[in-house]
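Taking it in order: structure first as structure tokens, then the write-up.
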Amino acid sequence: MAILSDYEEDDQKQTKTPESVKKPFNAVLDSSDPLRFLQTAFEFVARETDLFKTDSVVKDVNGLVRTVKEKLDADERKRKEKAVSAASNGATSVKHDNKRAKEDSSSSLPAQPAVSVKEPEDKKEESNDDNKKGLRAPNKGNGLDMENYSWIQSLQEVTINIPVPPGTKSRFISCEIKKNHLKVGLKGQPPILEGDLYKSVKVDDCFWSLEDQKSVSILLTKQDQMEWWKFLVKGEPEIDTQKVEPENSKLADLDPETRSTVEKMMFDQRQKQMGLPTSDEMQKQDILKKFMAEHPEMDFSRAKIN
């Protein structure tokens, strides 16, 4: 399970140094070899400061790298949500335009005498059956809005939003994502959401994040990506999947940034289905190959690379 949490800035007392000396640092970043730039920066810091003489330097540097990685992952997740929302809004806009065109066409025709049409019995029975089953119409995101949370979905993913008290820190969040079960809440309190999922998920491709210290956002990647979920967890009201709006908006209708994100998502999805590396994994492999080529003196035969 991949967990993404926001960087928390706790108030810490910083020790003031008697003298502060500012020294210029000149380096050029080569996008094909970012590790060399980092090495140059670390060597400069080691020469000019006492940072690397402290026992916690490795922990501090790892924490900094983790914070930057978490921020990038959060930005990527927000772009995905924006792409899904744009796709859903595009489909709704097309539907409204078609309805408006039909109304304009009807208004231009001469008035026709009213004709009473009797609703077919089978249609009435179908409507009554839906009422008996308690099916609900999906929200704009093809999910459902509940009292303590809401969820939306595409064919590939489910996104859940759970409000929490303002100012909540990520360390107070308890989120357990299993293949067929979900449990979310605040530590020391009863779960806000808990139950068996409608269908299984890919745990390694699921993650959660704390948004603006006031809501928890959870992304679940479906195991079966050819089916709409009727509910999130068992015991929840079911939605009428026949009323779900398919993702049929055109890429040309999206802004360049959103279009790029959608195309990347589609490419990564096809790669995963074929068991091939995603665009991010391919980029990491290229960087690693260049690093290995530039350092032939290093032995990578026993290196374990994830």
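Cβ coordinates are placed from backbone N, Cα and C, and glycine is handled just like the others.
TrEMBL lists 1-11 with the feature compositional bias 'Acidic residues'.
The compositional bias 'Basic and acidic residues' feature in TrEMBL is assigned to 12-21 (among others).
Taken from TrEMBL, the feature compositional bias 'Basic and acidic residues' covers 69-78 (among others).
Taken from TrEMBL, the feature compositional bias 'Basic and acidic residues' covers 94-105 (among others).
Residues or ranges marked as compositional bias 'Basic and acidic residues' by TrEMBL: 118-133 (among others).
Helix, strand and coil counts under DSSP for the domain 'CS' (144-233) come to 6 helix, 44 strand, 40 coil. Residues annotated as domain 'CS' in TrEMBL: 144-233.
Look at TrEMBL and you will find 1-21 (among others) tagged as region 'Disordered'.
Here TrEMBL flags 69-143 (among others) as region 'Disordered'.
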PLDDT averaged over every residue in the domain 'CS' (144-233): 94
Helix, strand and coil totals (DSSP H, G, I; E, B; other) for the compositional bias 'Basic and acidic residues' (69-78): 10 helix, 0 strand, 0 coil
